[in-house]
């Protein structure tokens, strides 16, 4: 619906008319009744990570690992609160840490993915939550193994530019090389794993790099059809990170990127984190956002701990003020709930939950 050159010109433009024209185009083209969200629990199995991103506060040097009883307690509490997504995450390649490796061995596991698989299988067997894993770079065989117990999986592309590997954002983060991330997203497509990816805006990228990243996601999705949602996430400066003095992207910049994401990505859902956009989130709905992402009544956002989740009643108020309806979803979007896209275990669990009848 828009060319690369047109998209770059739009981001570079200071014309308010350009913005209003494209907002009108989006609202005339994409007819929406519902804005969705996922009610989840956030389970950070470990915060140690081989990457040291300039904007990250999630990473810890301490090689800690959540114990099974800690995880199961959160899952059971979340189940009682009506959560339906279990977001499992940990730092990339935690197995490189000797102390974590020893902790895993003491529990009878050779690696973190064996431990993760058991926890996710337990989740399916003992709760009404569905696992979604986002743990950094995984290879084809690892993705294939985890597909068996995951409703969907995710990895932020962040940006497709290799140039950022030489900047404060990613110079100490080998796992953030776009070739690795693109390869993983493509492998997920080959395996028919419903997938979440996204861009991180404000980490030193150029407008051209933003546009090229959106077109790269489009290219991959056109080949495999597995990208269910794209997150447009704004960088937030935090005390103590290397990029604490970096300027955050303006609301207008975010608005324009969201507009382009909708025009370029078409039928892929566009998500923004509501806890990072409390004052501007409603405006972004006008630009094509149709999903608020995961929010939790139990656990905090460990990636952005300073930003509390809004309550669901707040999301409903923000949504209904624009004449739209708020609707809860699973971590896998309804259009991917089929035997074509899900493992037998996960598909049968969703049928057992009666979700498709709701």
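Cβ coordinates are placed from backbone N, Cα and C, and glycine is handled just like the others.
What Swiss-Prot says about this one:
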DOMAIN    35-275  domain 'Radical SAM core'
BINDING   49, 53, 56  [4Fe-4S] cluster binding site
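Location within the structure of each feature annotated in Swiss-Prot.
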residue: 49; record: [4Fe-4S] cluster binding site; CB count, 10 Å: 23
residue: 53; record: [4Fe-4S] cluster binding site; CB count, 10 Å: 23
residue: 56; record: [4Fe-4S] cluster binding site; CB count, 10 Å: 18
Next on the checklist: For the [4Fe-4S] cluster site (49, 53, 56), what does the 8 A shell look like? I mean other same-chain residues with CB within 8 A of the CB centroid.
Outcome noted: 51, 52, 55, 58, 59, 91, 173
